[in-house]
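Chemist: One structure, pasted below without further comment.
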Amino acid sequence: MTDVATNMRLKLPIICFILEIILIILFGVLVQYNEETDAKEWHKKNHSDYENDFYYRYPSFQDVHVMIFIGFGFLMTFLQRYGFSSVGFNFLIAAFSLQWATLMQGFFHGMHGGKIHIGVESMINADFCTGSVLISFGAVLGKTSPVQLLVMALFEVTLFAVNEFILLTLLGTRDAGGSMTIHTFGAYFGLMVTRILYRPNLDKSKHRNSSVYHSDLFAMIGTIYLWMFWPSFNSAITAHGDDQHRTAMNTYYSLAACTLSTYGMSALTAHDGKLDMVHIQNAALAGGVAAGTAGEMMLTPYGSMIVGFLAGIISVLGFKYLSPILEEKLKIQDTCGVHNLHGMPGILGAIVGAVTAAVATADVYGDGMKDVFPDVASGKVDASYQGGIQAASLAVTLGIALLGGLIVGFILKLPVFGAPSDTICYEDNIYWEVKCFSQSREGQLNICIYTFVYR
Amino acid sequence: MTDVATNMRLKLPIICFILEIILIILFGVLVQYNEETDAKEWHKKNHSDYENDFYYRYPSFQDVHVMIFIGFGFLMTFLQRYGFSSVGFNFLIAAFSLQWATLMQGFFHGMHGGKIHIGVESMINADFCTGSVLISFGAVLGKTSPVQLLVMALFEVTLFAVNEFILLTLLGTRDAGGSMTIHTFGAYFGLMVTRILYRPNLDKSKHRNSSVYHSDLFAMIGTIYLWMFWPSFNSAITAHGDDQHRTAMNTYYSLAACTLSTYGMSALTAHDGKLDMVHIQNAALAGGVAAGTAGEMMLTPYGSMIVGFLAGIISVLGFKYLSPILEEKLKIQDTCGVHNLHGMPGILGAIVGAVTAAVATADVYGDGMKDVFPDVASGKVDASYQGGIQAASLAVTLGIALLGGLIVGFILKLPVFGAPSDTICYEDNIYWEVKCFSQSREGQLNICIYTFVYR
Amino acid sequence: MTDVATNMRLKLPIICFILEIILIILFGVLVQYNEETDAKEWHKKNHSDYENDFYYRYPSFQDVHVMIFIGFGFLMTFLQRYGFSSVGFNFLIAAFSLQWATLMQGFFHGMHGGKIHIGVESMINADFCTGSVLISFGAVLGKTSPVQLLVMALFEVTLFAVNEFILLTLLGTRDAGGSMTIHTFGAYFGLMVTRILYRPNLDKSKHRNSSVYHSDLFAMIGTIYLWMFWPSFNSAITAHGDDQHRTAMNTYYSLAACTLSTYGMSALTAHDGKLDMVHIQNAALAGGVAAGTAGEMMLTPYGSMIVGFLAGIISVLGFKYLSPILEEKLKIQDTCGVHNLHGMPGILGAIVGAVTAAVATADVYGDGMKDVFPDVASGKVDASYQGGIQAASLAVTLGIALLGGLIVGFILKLPVFGAPSDTICYEDNIYWEVKCFSQSREGQLNICIYTFVYR
């Protein structure tokens with residue numbers, strides 16, 4: 001089943017080794033321990049151990065890490081014979097992206113005297129950026145080679161860092177959980193890439209573009225981990241104290257409400273009133289996406305629940321009615337439906353964030369204003385202006401994502417990257433050794449039997 | 001395979017939407033951020049960031065959260081074709097229960113000036129209450145519709161909060177890990193419900209009430225997560241400092257000892273000296289249940305190990321000899337054997353707690369007495385009286401659980417909730433879209449083939 | 001399929017019960033709460049709650065715990081019909097080992113006035129020692145009875161504690177993440193045991209010594225958890241503050257680099273340029289092993305990446321070219337390839353640690369020197385001497401591991417432990433009840449069909 005075009009014998013080693021060697025050289029030249037990870041620097045000052053940011057953020061970091069590698073990785077194993085690639089390519093491009101993101105993000109907002117200083121917060125930010133790449137991966141899942149994915153990650157991480165710099169540093173946008181910077185950006189970038197990579201004959205692989213019983217159970221591992229740890233995701237880099245605490249709690253209630261509306265909508269819209277695993281696996285997470293910007297704000301618990309409730313409804317409707325239209329009319333083949341899980345809920349989250357910012361008052365935030373809206377607290381802008389900045393940031397994000405995806409999509413079309421042909425998409429056997437327990441023939445097919453034989 | 005009775009097209013959306021809208025309204029009226037999650041309140045006082053309870057409890061919360069959603073969810077996937085429902089209904093009723101529990105528990109012991117104040121500790125308590133509902137779910141697994149389960153959760157959470165209020169607030173009972181409030185309550189409530197819902201013709205679905213090879217492996221994911229994080233569960237809401245530390249350690253050793261006795265007993269009692277997955281998946285956890293009350297006390301490490309050792313023995317014997325009797329004689333069809341994992345070990349834990357409390361001395365506890373037994377430390381009661389209170393609390397819990405289960409069982413018998421008929425229990429296909437890879441006929445059956453085909 | 005020899009009806013209960021009862025007695029006589037878990041002792045001094053070591057180390061402990069029970073357990077489920085045993089025996093011997101390790105390690109370096117004092121740090125150390133046993137388990141996987149494994153664990157834990165005592169206490173070796181004490185020791189001990197237990201006719205079970213599609217996905221759960229939490233593993237018992245922080249970060253980058261070199265090498269060496277799951281599941285972790293000793297040192301981020309990069313290359317080459325030679329020439333049947341994942345990368349880690357120690361300067365470490373190299377900071381030795389100690393420690397570890405494995409291997413050869421015969425290795429059905437969904441005959445075989453039937 002392997003032909004020359006998709007053979008990775010040389011292509012993958014070459015790109016892996018070149019990228020990693022470049023990373024090592026750049027890290028050697030540019031990257032240093034920050035004050036909290038450097039033995040000498042940390043001990044210069046008279047700290048208590050527990051003031052080290054490690055103790056504030058490392059548990060959150062590990063939860064985020066689980067979302068990136070288990071959450072995203074297993075969520076995409078729903079395809080019947082693309083499990084190795086889902087988990088395995090997720091693993092590969094995440095391992096690359098987090099290193100590259102350290103450099104790119106450090107270049108834009110972590111330079112100290114010509115050096116990039118790193119610690120647990122930069123690790124979280126690198127994982128965040130990686131998450132955005134994995135969202136785009138979801139849009140092109142099954143239709144791309146690992147080399148294409150690494151090339152995509154290379155460019156996407158760079159553009160992510162540019163967009164993040166414009167929003168967080170230049171504009172002063174607040175987006176702790178990344179409704180805009182992570183979800184909206186990753187979704188629309190990926191959607192544009194998959195649009196450019198449109199395959200008119202993809203229906204030749206259609207029989208593989210669905211789940212089987214146990215692949216859906218593996219995917220639920222990913223779903224549940226994403227759902228459980230989303231409060232950690234949204235709160236991982238907010239200010240210490242009440243901010244982390246409040247953000248985690250807002251997200252917790254948003255997700256709970258989202259789950260109920262997802263189940264309700266799934267039964268309402270699906271065949272015979274039966275629940276559809278695609279909805280449960282994806283839409284139930286939209287509440288986390290939608291609480292990404294406003295989660296750190298004084299959104300109130302019931303406000304969070306309203307946001308989650310709406311996100312679930314929008315997301316299920318998207319899967320049911322919008323995705324088929326996008327595919328037929330706009331030629332956007334979105335394998336995982338990232339538009340429904342990350343795209344629309346990300347936009348919702350950005351809007352909720354803008355509104356919540358615009359109505360912020362000193363009466364509600366008190367001295368906590370400086371943590372949530374530093375520019376408002378310092379008098380640099382007023383709350384409604386901050387709201388306007390938030391809204392403008394959404395437009396900027398969409399623009400950079402779509403333009404970036406357009407360019408990167410055309411780069412990925414170059415015929416040298418070993419993409420699979422239309423007849424063998426969604427198939428592990430192209431890029432992985434796949435073992436069968438035993439084989440038999442049934443009609444025209446060789447069947448790889450997946451059973452256990454006991455004598 | 002779907003008939004009108006079990007069709008969820010309207011029933012499930014209606015209950016999900018009504019419940020969530022009620023929750024949002026009640027949260028809007030009643031719930032506020034507490035002092036540690038409110039931007040203004042937290043910044044009014046001169047705190048250090050690390051004094052925020054978030055840093056003491058959030059890692060424990062996340063471990064508990066994993067137990068609730070992954071632990072309980074996957075533990076129940078052992079059934080061959082009920083994996084979607086096990087994880088999926090677990091997800092749904094947990095997402096509802098944690099919101100409802102926030103209100104009910106807040107109403108009974110979190111009111112401040114007419115408002116319910118919430119933060120990480122209330123989130124843990126809400127997850128705990130949810131755990132109790134999921135235990136009951138285990139007893140009725142495979143025989144109930146999602147609507148029935150939501151109705152059950154609605155009532156059970158309420159009764160849980162009443163029982164918890166009587167024990168912890170009125171009586172001054174100590175039960176940090178919930179041997180009584182969570183495990184005994186959830187188990188006997190669920191057992192009574194399943195007794196009322198007795199199905200004389202359930203043997204028509206008997207062929208589906210067992211595991212297959214990989215469903216047992218999925219279930220082991222649940223088991224291992226429950227086992228690993230039980231130290232966090234029991235210590236999640238104990239006092240800060242030595243109390244959390246000691247509770248986690250006691251539970252760790254109790255579980256380790258329990259595992260050895262479980263393996264020994266399983267080989268001793270099972271067929272041909274072979275180990276039985278049902279025992280390993282369940283009885284090995286009994287040590288965590290049994291250390292739920294006394295875990296925070298000065299139980300000593302070897303005391304914890306004795307408790308765990310006994311719990312494992314009791315639990316395996318229950319699965320082997322007691323469960324068949326309960327089913328045949330008492331008509332209690334306990335799908336997951338919650339009586340053996342949560343019922344008897346919960347009672348054991350309550351008794352161990354009562355004895356350990358009764359023998360507490362100032363010589364052993366020193367100034368730490370005020371954290372573990374505040375009423376003893378303040379002189380309000382003496383240790384033996386505290387032991388008596390603990391014992392009485394077990395009786396109260398059993399009474400409320402059984403009476404509550406009786407009433408709720410009859411409510412669930414109403415024919416409007418879409419329960420499956422006796423011939424299609426333990427079957428995902430009733431409530432879920434289930435895809436087959438391919439179909440063939442074998443004798444009288446259409447076989448949904450679960451294989452991978454490679455051309 | 002069960003014969004008298006492998007029947008566990010009496011053997012397993014007897015050893016489980018005897019071991020646990022001995023453990024309980026020894027804990028009763030020897031073990032006490034330490035100052036941070038004892039109610040009275042903790043409250044004697046005027047501590048802040050957050051000074052309790054629980055808050056510094058418990059999140060790391062739980063990550064390590066997940067690695068031991070989920071990571072190692074599921075990593076070994078790659079075999080097609082040995083999943084119950086992989087997870088289940090892993091569970092059993094880990095639960096025993098952590099108790100026994102508490103005693104052995106406490107005896108060698110935790111005695112206070114004739115008593116062993118325990119807390120979260122001893123729990124982490126017990127889990128570490130358990131990890132070493134599980135590495136050895138990987139070498140003999142599929143070829144040993146649970147009784148053999150418990151006997152192996154009994155001796156190995158003891159020898160581990162001896163080696164650890166010689167290194168850490170007598171020699172003053174630094175090895176926070178255990179490149180030597182855990183990985184090198186566990187690997188070479190296990191390799192020697194499997195050499196002594198050499199089975200010339202093992203090819204009779206060869207058809208079972210491979211994976212099937214979903215068993216490889218289960219194994220990836222183990223891989224990913226090990227990969228994600230390795231930063232916690234290496235940093236779990238380093239000094240508080242910058243040391244934990246730096247160690248976690250070094251390990252993070254080492255693993256990321258290792259993943260890229262693993263994918264590159266796998267495509268380069270495997271059939272048709274396709275990736276081999278065995279490499280991905282194992283070699284991508286070698287970066288964590290290799291950063292075990294030097295991770296806490298000022299290795300620098302790019303230094304960590306170089307180490308990880310090399311570890312991945314070495315490990316894949318080992319799987320591809322060295323393992324077949326070891327099996328054919330040296331008669332070492334290494335089921336999981338622990339030589340490639342733990343053996344060679346462990347040695348690499350020891351060498352990196354020795355070199356990094358030898359070049360340590362006060363200019364780089366400042367006042368942090370006392371945490372990383374206390375003997376150098378105190379002037380007891382100079383840095384190059386510390387490097388020499390590190391190198392000597394590797395030799396000591398190899399010597400004790402190989403000699404210990406030799407002796408224990410011969411003990412395990414005693415014919416009383418119920419080892420499986422050569423024809424039924426790698427087979428769950430020997431020691432576990434295995435259920436089939438349905439059975440049919442195909443040629444000479446009874447096939448246990450693993451499908452879902454829908455009428």
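Glycine is treated like the rest: Cβ placed from N, Cα and C.
What TrEMBL records for B:48-416 is domain 'Ammonium transporter AmtB-like'. Taken from TrEMBL, the feature transmembrane segment covers B:12-33, B:64-84, B:91-111, B:123-142, B:149-171, B:177-198, B:210-230, B:302-322, B:343-365, B:385-412.
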Chemist: Are the transmembrane segment (B:177-198) and the transmembrane segment (B:123-142) close, by which I mean at least 3 Cβ pairs under 8 Å that are 6+ residues apart in sequence?
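Modeler: Contact criterion met.
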Chemist: Going through B:12-33, B:210-230, B:343-365, B:385-412 one by one, which has the most CB pairs that fall under 8 Å from the transmembrane segment (B:149-171)?
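Modeler: Comparing B:12-33, B:210-230, B:343-365, B:385-412: B:385-412 has the most Cβ pairs near the transmembrane segment (B:149-171).
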Chemist: Please work out which recorded stretch in B:123-142, B:210-230, B:343-365, B:385-412 has the most C-beta pairs separated by under 8 angstroms from the transmembrane segment (B:91-111)?
Modeler: B:123-142
Chemist: Checking distant contacts: for the transmembrane segment (B:123-142), what same-chain residues at least six beyond its ends satisfy Cβ-Cβ under 8 A?
Modeler: 57, 60-61, 64-65, 67-68, 72, 75-76, 79, 82, 85-86, 89-90, 93-94, 97-99, 101-102, 104-105, 148-149, 152-153, 156-157, 160-161, 164, 178, 181-183, 185-187, 189-191, 193-194, 197, 205, 208-209, 236-237, 334-339, 341-342, 405, 425-427
Chemist: Under an 8 Å Cβ to Cβ limit, what residues of the same chain, 6 or more beyond the ends of the transmembrane segment (B:385-412), are close to it?
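Modeler: Here the qualifying positions are 136, 144, 148, 151-152, 155-156, 159, 162-163, 166-167, 171-175, 180-181, 184-197, 293, 347, 350-351, 353-355, 357-360, 373, 375-376, 419.
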Chemist: Checking distant contacts: for the transmembrane segment (B:343-365), what same-chain residues at least six beyond its ends satisfy Cβ-Cβ under 8 A?
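Modeler: Non-local partners: 174-175, 177, 179-180, 182-184, 187-188, 191, 286-287, 289-294, 297-299, 303, 307, 310-311, 314-315, 318, 372-373, 376, 383-384, 386-391, 393-394, 397.
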